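Lifted from Swiss-Prot, the feature list:
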- Cys50, Cys53, Cys57, Cys85: [4Fe-4S] cluster binding site (BINDING)
- Lys87, Gln154, Asn179, Cys183, 216-223, 247-251, 266-268, Met377, Gln381, Asn487, 513-514, Lys536, Asp563, 723-732, Asn807, Lys824: Mo-bis(molybdopterin guanine dinucleotide) binding site (BINDING)
- Trp799: substrate binding site (BINDING)
- 43-99: domain '4Fe-4S Mo/W bis-MGD-type' (DOMAIN)
- 1-31: signal peptide (SIGNAL)
Amino acid sequence: MTGELTRREMLKAHAAGIAAATAGIALPAAAQPVPGGVEALQITWSKAPCRFCGTGCGVMVGVKEGQVVATHGDMQAEVNRGLNCIKGYFLSKIMYGTDRLKTPLLRKRNGAFAKDGEFEPVSWDEAFDVMAEQAKKVLKDKGPTAVGMFGSGQWTIFEGYAATKLMRAGFRSNNLDPNARHCMASAAYAFMRTFGMDEPMGCYDDFEHADAFVLWGSNMAEMHPILWTRLADRRLGHEHVKVAVLSTFTHRSMDLADIPIVFKPGTDLAILNYIANHIIQTGRVNEDFVRKHTTFMVGATDIGYGLRPDNPLEVKAVNAKDAAKMTPSDFESFKSFVSEYTLDKVVELTGVEAGFLEQLADLYADPKRKVMSLWTMGFNQHVRGVWVNQMVYNLHLLTGKISEPGNSPFSLTGQPSACGTAREVGTFAHRLPADMTVTNPEHRKHAEEIWRIPHGIIPEKPGYHAVEQDRMLKDGKLNFYWVQVNNNVQAAPNTQNETYQGYRNPDNFIVVSDVYPTITAMSADLILPAAMWVEKEGAYGNAERRTHVWHQLVDAPGEARSDLWQMVEFSKRFTTDEVWSTDILDANPGYRGKTLYDVLFKNGNVDSFPASEINKEYANREAEAFGFYIQKGLFEEYASFGRGHGHDLAPYDRYHDERGLRWPVVDGKETLWRYREGYDPYVKPGEGVKFYGRPDGKAVILAVPYEPPAESPDDEYNVWLVTGRVLEHWHSGSMTMRVPELYKAFPGAVCFMNAGDARDRGINQGAEVRIVSRRGEIRARVETRGRNRMPPGVIFVPWFDASRLINKVTLDATDPISKQTDFKKCAVKIVSVA
């Protein structure tokens, strides 16, 4: 590398400056896209995926003297083509906060563990001794259902896979769930219910082929800015291309919208049915496609809101226990069902102008226009999140606009490996790898065979999901709990009443593995210091099915260790006699006396690759600790679940040479579009389109109605609260709030409010207010200007700020099918602080 910049590099640097200026940030030298001069010659560069969202941007990571000193967009990465968003340009700083955790911390009093004690540094041996003692006591007294783990869409693939083995096969508990339950569960359930397989059929290449983009509950300009640049490039470079943006308030993505639609919260259900009706009434159903490739069903209605069973809304719900039921139907019945959603009715219900609704419907109905639908939390964090996901598939299936370049219903992802780890590995309470489930006896048997464990080890009943875990902790039914790579006391709904109380329940022992002292960590009994990002070898899977692997580039500080090391090392403290039932051991005496480490991780699969296979230019502390290439062993064992079943992954070593590959990877080739002949190797010549995840090869078109949210404004609590993110921060802010430039750009959460609403209440711009719900309250300053422009009766508060815990206010209602929380709709009142 020389000290000179090429014209291309200058353009990339200029783009970075524009992105930074948008956020009001000056790029320091450490964040420059391409450092130059003599200093650059002393930096070693290696590839890795970005640590933040699910876009999966490639970055080049610069290391000098054992520390990450710079990052820039990877110009060889197809996803981002050298660009990064403003968070990505500050990746070099996320690991170096001054309060980085470097040693285990245990609550102690008088030299021994005490629930009400103060945190004191301890050795790893003491930490694991106390941890194992607590786990064994709970297992002996209450059994496997009292042991649980809460993981993350930020786990590497190896970490998630190790967790699912440790919990399901080791402790025989399905009480494993990821924080992706809060963000992607509705999308995953809808994929499975519609296509029989999870994850998008398209890819990011669709951005260069679509003639229309429809954003449903997605502020891509701030939350997926790199993909937004690809969308904007297509829109601004081609006059015929249109953009529609639907939201409950006006945000930055609407600056590019040809069809800006602000609707009343929850009424997107009605809009989707109106569009389906419009397609049918105007005679633009692709009848040949529908006849050959779809089947019709009717969903159960009045399904409740996923609240506690004794909540009045659950008691009166007719089908709360059968929420997922779908009954066979036909096209004529579907036509009759959606015919009730007339333009006039939907205008009245949603508050949207008729002209905008008609223009939107015509985008989907026009047979000559390729449409890409995009959505994130506005759809998924919804008490009818599975429904709205399936309803957008209805539109693409009715018109045949699916599984080909530019015609793509595309669920965007919020975490770097919510797809690759939470969904593909199967760290949800009901799942196994490669779309298999614990409720299916053949799937359990298959997993037990791959894992080389006795039949009958994996329990058949799904475990507690994320919100239910909090409730069970509070109720004293879940007593040993290990949290990794998430900040759930800040992130969970109704956290003051349902989450924090469970963490501090004296009957429970809570372990949190993290890199910083988050609210969740400080609520625990034992804190384990974790390695992060390039301090370990890792693999992520992004939103377009792209698996990306990286080497360990630097060491973690102090005694911090990777989550993988922590789980595998902890498994050595248990023998099968302590965790498996007597009848299983009597039938399989060869397993007696073995440690879980021997059974799960030194099983002839995971330990089959010697450490000598690791690239000599890179460290691998886990391989040093265990004596074999554990990441490769875990990956190859995991990959055996999906090969030949439509989830094929390439050999592990190939990923080190690639900027990621999109599965299924068959005969060395990645798949860009699934389910269509000519693109997907699983679709045979002559089949055209085949949704092979379902036995009949047909996708489901589902009839479901508009139903109101769990809570709406009334005379006292007369404002809708919507929560979400901002450009500068990611999730709970535990990383980005420690980057000085990002903190200065947006130092604290504010209450975005309609100016007229503020005037009516005598509230000035910048004034402090109380945001009060039936569950709790916080204080924040009012913002009536700026990026988010609120309609009357709606406020928006981001949740990154630990000093303003907006989730003290939110409602713990969930989609009854997916169990995903609705963070977008609850009722509050705004009270001026005089």
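Cβ coordinates are placed from backbone N, Cα and C, and glycine is handled just like the others.
A Cβ within 8 Å of the Cβ centre of Cys50, Cys53, Cys57, Cys85, the residues given for [4Fe-4S] cluster, is found for these other residues of the same chain: Phe52, Thr55, Gly56, Asn80, Asn84, Lys87, Gly88, Pro225, Ile226. Taking the binding-site residues Cys50, Cys57, Cys85, Val726 in turn, the residue surrounded by the fewest other Cβ atoms inside 10 Å of its Cβ turns out to be Val726. The residue listed as 'substrate binding site': 22 other CB atoms within 10 A of its CB, across all protein chains. For the recorded site, Thr250 (Mo-bis(molybdopterin guanine dinucleotide) binding site), the DSSP three-state label reads strand. Of the recorded residues, Cys85 ([4Fe-4S] cluster binding site) and Glu222 (Mo-bis(molybdopterin guanine dinucleotide) binding site) place their C-alpha atoms 9 Å from one another. Shown for the domain '4Fe-4S Mo/W bis-MGD-type' (43-99): DSSP residue counts in helix, strand and coil, namely 6 helix, 20 strand, 31 coil. Separation of the C-alpha atoms of Lys87 (Mo-bis(molybdopterin guanine dinucleotide) binding site) and Cys50 ([4Fe-4S] cluster binding site): 9 Å, rounded to the nearest whole number. Neighbours of Lys87 (Mo-bis(molybdopterin guanine dinucleotide) binding site), defined as other CB atoms within 10 A of its CB across all chains, total 24. Ranking the binding-site residues Cys50, Cys53, Trp799 by the distance of their Cα atoms from the Cα of Thr250 (Mo-bis(molybdopterin guanine dinucleotide) binding site) places Trp799 first. Sequence-distant contacts (6 or more apart, same chain, Cβ under 8 Å) of His731 (Mo-bis(molybdopterin guanine dinucleotide) binding site) comprise Gly414, Gln415, Asn487, Ala491, Arg725, Phe800. Averaged over the domain '4Fe-4S Mo/W bis-MGD-type' (43-99), the predicted model has a pLDDT of 97.
Sequence-distant neighbours of Lys536 (Mo-bis(molybdopterin guanine dinucleotide) binding site) (same chain, 6+ residues apart, CB-CB distance under 8 A): Thr156, Gln552, Ala556, Ser562, Leu564, Arg621, Glu622. Within 10 Å of the C-beta atom of Gly217 (Mo-bis(molybdopterin guanine dinucleotide) binding site) sit 23 other C-beta atoms, taking all shown protein chains into account. Taking Trp799 (substrate binding site) as the reference point, the binding-site residues whose C-alpha atoms are within 10 Å of its C-alpha, out of Cys50, Cys53, Cys57, Glu222, Met377, Val726, are Val726. In sequence order, Cys183, Gly217, Ser218, Gly414, Gly724, Phe823, Lys824 make up the list of same-chain residues 6 or more apart from Met377 (Mo-bis(molybdopterin guanine dinucleotide) binding site) whose Cβ falls under 8 Å from its Cβ.
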